[in-house]
Amino acid sequence: MNNIPATVADFEEYARRTMNPGAFGFYIGGADSEVTLRRNIEAYNNLLLRPKVMVDVEQVSIATSILGEKISSPICVAPTAYHALAHHDGEIATARACAAVGTCFCQSTNSNYTMEQVASSVPKEALRWFQIYVQEEQEITQKLVKDCEKAGFKALVVTLDRPRLGKRLHVLRSGFTLPKHLSRANFHGDEENDGSVSYYHGEMYPGMTWKDIKYLKSITKLPIVVKGIFREEDAELAIQYGVDAIIVSNHGGRQLDSCPATIEILPEIVAACKGTKVEVYMDGGIRTGTDVFKALAIGARCVFVGRPALWGLAYQGENGVKQVLNMLNYDFRLTMTLSGCSNVQEIDKSFIASAERYSFSHTLAKL
């Protein structure tokens with residue numbers, strides 16, 4: 001790339017041209033026909049902004065907090081697998097970038113560096129969460145939780161939407177498997193990379209129920225964040241089982257295809273959590289600062305980005321991830337400024353409207 005990347009798409013294009021095609025396909029691909037994958041990105045276009053004018057925005061703060069921890073902006077990094085496919089420093093580079101920017105890094109169970117390695121590579125005060133796939137054998141789950149606590153992670157993010165692996169055509173067509181020199185590091189060498197699909201995707205537990213959330217709460221005092229909630233009634237159950245936060249997510253469009261975009265389902269989950277202490281976050285399709293603004297206007301407290309961080313990692317390792325996060329932070333601050341908001345607490349649903357509201361069939365009727 002001769003030009004300096006100025007958008008997430010620019011970083012993605014660099015990764016497309018320079019990464020191993022199979023590894024890039026593993027990152028970029030969605031499930032089946034990728035309806036959900038595309039919808040995650042495109043649905044933001046159905047929301048329009050309604051800026052206020054004559055507002056003092058000389059000083060604009062994008063700082064916020066999640067679960068009582070201060071972060072420099074509401075843009076955090078989502079758990080994604082195998083960062084060493086993009087850069088040899090893998091999750092260590094991503095965690096360092098998040099620490100430098102001052103935001104939350106959520107490490108995946110399926111990472112190439114252990115929790116301990118990541119923890120020792122960043123300042124103690126750096127905010128780190130750990131994403132966990134509940135294992136069928138409780139002893140394995142318990143060991144992961146204890147390792148997480150020992151390494152100083154501040155919350156457990158429990159993925160709910162992967163009882164089986166989604167049908168990912170990019171991977172099926174390329175025959176991609178995890179390179180032999182990489183491993184699922186958090187399992188401490190208890191298993192060997194045999195090159196199989198089941199190895200690099202990790203064990204799945206189709207028998208998981210809400211009782212497993214109750215079990216997790218019985219073995220740790222860490223806050224429990226559940227990821228993959230998509231229905232109001234499931235949000236209500238999550239609240240009943242005592243979770244601390246919900247991430248509205250469809251696994252980046254990699255599991256069940258033909259689902260709504262996360263930004264489309266976000267209002268339903270925000271409404272379900274209204275009047276409780278449960279915080280609501282979301283991931284999926286975030287590519288610009290205006291996307292972030294729209295999510296916060298609906299009621300998300302923060303957003304998580306997955307693929308954009310990986311594209312930055314492929315571009316320049318730690319520095320590339322910092323560039324992506326700083327670019328999104330700049331875009332978000334600019335959106336706030338132009339919309340008439342001086343801090344994130346001022347962002348509410350009055351700043352957005354459905355595109356349908358501004359169709360001529362509606363606006364001409366006002367004349």
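Glycine too: its Cβ is placed from the backbone N, Cα and C atoms.
As annotated by TrEMBL, active site, proton acceptor applies to H251. According to TrEMBL, the FMN binding site annotation covers 79-81, S108, Q131, T159, K227, S249, 283-287, 306-307. As annotated by TrEMBL, glyoxylate binding site applies to Y133, R168, H251, R254. Among the features that TrEMBL reports, domain 'FMN hydroxy acid dehydrogenase' is placed at 1-357.
The separation of the residue listed as 'active site, proton acceptor' from G285 (FMN binding site), Cα to Cα, is 11 Å. Neighbour count (other Cβ atoms within 10 Å of the Cβ, all protein chains): 24 for Q131 (FMN binding site). Around D283 (FMN binding site), the same-chain residues six or more apart in sequence whose CB sits under 8 Å from its CB are A78, K227, I247, V248, S249, G252, T262, V303, F304, V305, G306, listed in sequence order. Q131 (FMN binding site) falls within a strand when secondary structure is assigned with DSSP. Around R168 (glyoxylate binding site), the same-chain residues six or more apart in sequence whose CB sits under 8 Å from its CB are F26, G29, G30, A31, R254, listed in sequence order. Most Cβ neighbours within 10 Å among the recorded positions H251, R287: this distinction goes to H251. Counting Cβ atoms from all protein chains shown, G285 (FMN binding site) has 27 others lying within 10 Å of its own Cβ.
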